[in-house]
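Q: Here's a structure for you.
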């Protein structure tokens, strides 16, 4: 063996000794000391790829990104098919803001090992960061085909769908993510807001209830829950929620203002309901004992029992069906359950098309929700069947003015 060969072998052996010592120090958490040994290792043998990669990791730990990048590159010259090294190098480049270079490393990783899920996920993250949302989504979906139980790619997939305007698909993805990880409050909050934007208020309420159940002191989410309850017409529950918020935060102006407005709305609607109920009670046949029982329950404030009583009559589909739906809806208004009241009023109008009072009350409920066109139609329908219904004329003029 020649002198040069012996010298090279000696340097390699010395380099390996420094590498092994540096590796042990690194694993023991002594990063600075490890760097000293690993520098010696790569100085003695620059082709020792493991030493180059380990030194790069240590330098990365010390936030010496530029130097770490140089050592990853040196190591990959010798060991270019090392998928893990390409992946870790890509992560470093991504964290350093060199997204294009990171994309290249993640792509090489996948060429070396197409099943490297973490590399594909990071590639998708890079594409998303570059604004290539459709391409990123394609990568996330590829991951989910082979690993459907992974939560993070599914969340990222949902976020891409949302950014592409595919909101209903995004809702499905967020729900699937929550099936595998139900405790992700951040995902549930995102889902709730998206449901709210899509007008799926009942579903949004369920999500906000779950969140506030986990974190009852979170006023922001309780405000959102109260707002959804209000929009859904569950004003009795909304009043309770806003009241609870004010007990926790007496200075909360948003809650105080909304609570006052809802109470005024409910008082106004209740007054209308009572007035119409008096008319219904007067017109109820003396021989209809069950209807009379419902009237008595309403007058006594037993709205739940009155609702059940009128519901039983309506289900029988007899001559009192429309009147029973209407009376039950008035009780629901008094109880503060406007979504169910709206459903009952529609049934009353279907059972008796010329039921002007039912159409008028539907108009009031639509107007309260800001559904001005629907309110316009309902008031018009009421006036078609009862042209002298003064309240409907007043509200119709107000709605036309708002639309104008």
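All positions are counted from 1 along the displayed chain.
Each Cβ is built from the backbone N, Cα and C atoms, and glycine gets one as well.
Keep in mind it's a predicted model, so treat the numbers as computed, not measured.
For reference, TrEMBL lists these features for the protein:
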REPEAT    83-116  repeat 'TPR'
REPEAT    356-389  repeat 'TPR'
Q: Summarise the repeat 'TPR' (83-116) by DSSP state, stating how many residues are helix, strand and coil.
A: 27 helix, 0 strand, 7 coil
Q: For the repeat 'TPR' (356-389), what's the mean pLDDT in this predicted model?
A: 94
Q: Could you give me the DSSP helix, strand and coil counts for the repeat 'TPR' (356-389)?
A: 27 helix, 0 strand, 7 coil
